[in-house]
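The structure under discussion appears below in the form of structure tokens.
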Amino acid sequence: CLSALGILFNTGAGQHILKNPLVVNSIIEKAALRRTDVILEVGPGTGNLTVKMLEKVKKVIACEIDPRLVGELQKRVQGTCLANKLEIKVGDVLKADLPFFDACVANLPYQISSPFVFKLLLHRPFFRCAILMFQREFALRLVAKPGTKLYCRLSINTQLLARVDHLMKVGKNNFRPPPKVESSVVRIEPKNPPPPINFQEWDGLVRIAFVRKNKTLSAAFKSSAVEQLLDHNYRIHCSLHNTVSSFLEIPENFKIAEKIQTVLKNTGYSEKRARSMDIDDFIRLLHGFNSEGIHFS
């Protein structure tokens, strides 16, 4: 026990060590690891999951921000045949380039859940899958469907880029110290090839629509900040694509608000609400805006 060694877990940094060997084995089983795999693990803690994976794969690259835990992990494999299969990267995984890996298996520090998911999904070359432990509500948002309470920007962005499955619930007593929330394990499998969509554009549109997901799109797009942004983008688009020879030739009485509402009406989404729109709806809407020279990035 680390506390016996004078090491206190930093729960503020998401340090909740998975202690139940049955849960560890279940996660490894669901990851379907192969002998030739290179595995990325984030937040290995004291290495309960790491050591089990090292027995089954070619290599584990463990990313850990806490030097005290790095020391514990190194001690645990020192002098064993597993030591040369473990590579430890010390530092903040969000600030570093990810290495090449076949699969990612991690009991993730929960406060980095969202940025880490998108770092993973935009990572190239493609990996086979990720088996990740999340806070229960975050996991349920990842798999939420249109029209359900938890459906949000996170749901649609993740599902655009990957297939997501909820694998199992994990109670708080399986951790030391126990977190305040229940957890879930999720499987994320990137779509390969990815949809032929500019993700920055896509996310720009989805972000506007989901700021007030219960409002109609017609109302959501009436915000002055949104109109300002899209007007700016439209003028840049026109100048770059010689739609008009210069800014001056955009008609003096041009109003982006009218153009936006026309696109919403013509695509049939004016009275729709983000909470009930699926990926195909947003693809059609994005195409409608883009074909009129309106861009989101």
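Just so you know, glycine gets a Cβ as well, placed from its N, Cα and C.
Those TrEMBL annotations? Automatic predictions, nothing curated.
The annotation S-adenosyl-L-methionine binding site is assigned in TrEMBL to H16, L18, G43, E64, D92, N107.
For 23-192, the entry in TrEMBL reads domain 'Ribosomal RNA adenine methylase transferase N-terminal'.
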Task: Same chain, 6+ residues apart, C-beta under 8 Å of the C-beta of L18 (S-adenosyl-L-methionine binding site), given in sequence order - done: V24, G45, N48, L49, N107, M133, V170, N174, F175
Open item on the list: Just to confirm: which same-chain residues, 6+ apart in sequence, have a Cβ under 8 Å from the Cβ of D92 (S-adenosyl-L-methionine binding site)?
Closed with: I65
- [ ] Determine the Cβ neighbour count for E64 (S-adenosyl-L-methionine binding site): the number of other Cβ atoms within 10 Å of its Cβ.
- [x] 23
